[in-house]
Every structure is written in structure tokens, then in C-alpha cells.
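J.: Per Swiss-Prot, the feature transmembrane segment maps to 29-49, 62-82, 94-114, 127-147, 166-186, 202-222, 239-257, 264-286, 293-313, 339-359.
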């Protein structure tokens, strides 16, 4: 399915390499833009999808104007860009502006090692898993600085909640990925996907043997992105908007962009680690070549990855529309007393499954 794309990209790559070192730099910048621009556009349409889907769940219409609601998010962005950025009188203005950038940067930098297909990846790093853990844990520093620089008790309280929540669930997420690493025998994300390939389709995915780790990673991902029902960081009924309470205009839009970019990132990572990434759920069930379209259905490709991502991204919206917010003590109890012990136990179970040959791909 990605052959046509590679046929276009490869000649373009060779053309850039003809310019020497400057060509390598330009090609790298182009690859970054090929990820960043679609990501920003995806966030805009994701916001529209969220408003539409929640509207349908609540028996409402959702956005209906500005291109039948399709371009409502773009209108909101333009509105925010032209709004004045207000600074609290006692705020630290430099850190106040830098904080949303520190939150946004890791959410974009993490995409450097995320593969979309066998050859569609910006950097096929062998330590991609460690890189992801580092990048996804950096965003909280921007939130903490935003709460401190705002000089507001509501913002500071939201920032402290975020710090405690990230510390609690980052451990569980890391332990869940240790199980994935043991099962795949690699820290390379492309190799983790290919470790789930086989002739049994979705039965070869890590979803089945690592199901408890899948649940832990999914729920922890929701908590890491501060989304409902774990949105105590910006609980409107308690602390107004948390660390974002003093923000307006374009700097507020940066926080908004970082949050939704992280949601899409977590949806990608769940699909890669547990659902075989771009692999087809019926891969290996049919042999032989029939047609390019039918061959793609059982051989897999990046559209399969996008379908899986759409499911998990929509699940975020379903959670928001369906579940009430947890109390802060309930969130802490779930992270420390349930998820961390469960992941530790299942790491040992995963090692036993690899040792006994139940999982064939681990080394």
C-alpha cells in the first residue's frame, strides 16, 4: 500500500542528497514538516470529531456552521491567534510564555521514532522505546512552570496535581513497556511491530498475552494526557482550569495543541505496542496475490494503523462523554495500589511465557 508513496519519496530523497551536506539538512527538515504539518491538521479535525461525537452521544448536533462544522476548529484557531495575550500583574512573564512551548515541544519531538509503516519513519532508532519514555515525561515540566509563573493558587494547585499524577502513572506505563520489550526482544518500535507478525493474524499480536499490560498502558495514557475521567489537573468545578486558568490567546492554543497531539500519540503507541501497528488482523490467513487492494487487506499497511488509531482516539471522546471525574485520592490509589503491582507481576509472567516458548518472538 505504501509502494506508491515510496516511489515518489525515493527520487526526491536522491535529489536532495545531490546538494551535499546542505541537502541532508534540507531533507531532514522536510521529513520533520511531513510529520508536523499533518499532525497539526489532524489535531484540528480531531477537535471537530470530538465535538461532533459528543454531540451525537448527548443527542445534539454539534458544530453545524463553518463548512458544516468541518472547519470549526480552524475558525477557533484564527480567533485565538488574534486575541490578546493577557499577563497576570504578578506573573513571571518570560516563564509564562516559555511554559506552553516546553509542553508542546516534547509532544512533537516524540514522533521522531514513531513508525507508520516498514520504511515510513523519521528515525528508526534502536532505543526508540527509551526515547519515547523520556519525551512523554518531559511535558509535565511545562505544566509545572505554567502553574508557578502564573502566580495563581488555582494554577499552582493544578500544576502540583499534574506532577503527582504523572509520577504515579509514568511508573506503571514504564513497567507496561518493559513487558512489551521482553516479549519483542527489542527497543526498536519497527521491530516491536514485526515481532507481532505471523500467520495467525491478530492472534500473534501482544494484545492477547499482554492484555493486563494493555489495559494498564491504555488507562495510564489517558491519565498522562490529563483527560477525563482523570482530568483533576484542570477540573473546572474545583480549580477552574488548573494551570491554564491565566492563559489566553495564542499561548493557550499551544497548551490545547499539546494536549490533543499527546492524545493522538498515545493512540499510535497503543496500536504499535499491542495491536500490531500497521499489520493486518487477518495477515497470513490467505496466501497468494489477487489484487493490490485485496493484498493490502491481508498483508497490512499504514491505513490499518490509522484505523486502529481512530478507534483509540474515539475512545478518548467516549470516556469524556460517559464517565464522571475521579477524586484525586482515587486516582492516586489506582496508580500506586493497583497498576504498579499488576505490571510487576505481569512482567514476571511475560518473562515466563517467553522462556517457555508461549511467546516466540522474545529473546
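Note that Cβ sites are derived from N, Cα and C of the backbone, with glycine treated the same way.
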J.: If I count Cβ-Cβ pairs under 8 A between the transmembrane segment (94-114) and each of 29-49, 62-82, 127-147, 166-186, 264-286, which range comes out on top?
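T.: That would be 127-147.
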J.: Quick check for me: are there 3+ Cβ pairs below 8 Å between the transmembrane segment (127-147) and the transmembrane segment (29-49), leaving out pairs under 6 residues apart?
T.: no
J.: Taking contact to mean 3 or more CB pairs closer than 8 A (sequence separation of 6 or more), are the transmembrane segment (264-286) and the transmembrane segment (202-222) in contact?
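T.: Yes, the transmembrane segment (264-286) and the transmembrane segment (202-222) are in contact.
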J.: Looking only at residues six or more beyond either end of the transmembrane segment (239-257), which have a C-beta under 8 A from one in the stretch?
T.: 40, 43, 77, 80-81, 83-86, 88, 91, 96-97, 100-101, 103-104, 143-144, 146-147, 150, 152, 154-155, 157-159, 161-162, 233
